[in-house]
Amino acid sequence: MIYIAPSILSADFAALGEEVKRVDKAGADYIHIDVMDGTFVPNITLGSPVVEKLRPHSEKVFDVHLMVEHPETQIDAFAKAGADIITFHAEAAKHAHRIVQQIHAHGLKAGLALNPGTSVSEADALLDELDMVLIMTVNPGFGGQKFIPSTVRKIQQLRDMMNERKLDFDIEVDGGINPSTAKEVIAAGANVLVAGSAVFGSDNLAAAITSLRG
Ligand code: DX5
Ligand code: ZN
């Protein structure tokens, strides 16, 4: 089963509630919410109060991607705001295991994100605990960037690790996903596909979502 998670980073920020409803009706499985702090990545997007206001607009899974330093300071607020999955970056976490516990204590799914320059071995010690690993297929910070092909091998490595250890977690990819790169990442073992510009850049959201399912 392939899940499509449109990223609202490419939506109209002046009408986010309507945009979330629109992409929900168009068949999104998850709503991917990119949180950027201007420090871990150069851009600033939104915080937990915005997520709280968006929550009544959709019952779909809220997939919160924290691109922030000190993620442990944000998790309780995003949990309260209505997140279903919280993903933090390995590169921003001093105590990644404790952060996973913190997310699980709220009854939510925990994801670990890896930048293109970070090896999958960074996730190895946590794989028994994680619900999802997010392989960044661009460097985080902006929508509309070009897919980095060397990330495909990391998806395969992670899928092999999962099979060898008989584990079950989701493999999410994020950045530069379009119908052609979607095929590649699905073949490599990804099952949750984030797409910003490929969905919101289209005048037919439903068709754009369907075209990513492989
Ligand atoms: C990048 C964000 C992505 C972004 C993807 O830092 O994490 O979720 O919105 O945008 P596209 O699909 O346009 O590359
Ligand atoms: Zn993202």
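Every residue gets a Cβ built from N, Cα and C, even glycine.
Owing to the predicted nature of the structure, the values given are computational and were not obtained by experimental measurement.
According to TrEMBL, the feature active site, proton acceptor maps to ASP34. Taken from TrEMBL, the feature active site, proton donor covers ASP174. Annotation source TrEMBL lists substrate binding site at SER7, HIS65, GLY141, PHE142, GLY143, GLY144, ASP174, GLY175, GLY176, GLY196, SER197. Taken from TrEMBL, the feature divalent metal cation binding site applies to HIS32, ASP34, HIS65, ASP174.
The record assigns SER7, HIS65, GLY141, PHE142, GLY143, GLY144, ASP174, GLY175, GLY176, GLY196, SER197 to the substrate site; their largest pairwise CA distance measures 17 Å. The binding-site residues near ASP34 (active site, proton acceptor), taking a 10 angstroms Cα-Cα threshold over the set SER7, HIS65, GLY141, GLY176, SER197, are SER7, HIS65, GLY141. Of the recorded residues, SER197 (substrate binding site) and the residue listed as 'active site, proton donor' place their C-alpha atoms 11 Å from one another. Here GLY176 (substrate binding site) comes close to THR137, VAL138, GLN145, LYS146, PHE147, ILE148: these same-chain residues lie at least six apart in sequence, with C-beta atoms under 8 angstroms from its C-beta.
Sequence-distant contacts of SER7 (substrate binding site), defined as residues of its own chain at least six apart whose C-beta falls under 8 angstroms from its C-beta, comprise HIS32, ILE33, ASP34, GLY143, ASP174, VAL194, ALA195, GLY196, VAL199, PHE200.
With every protein chain in view, the residue among the binding-site residues GLY141, GLY143 whose Cβ has the most Cβ partners within 10 Å turns out to be GLY143.
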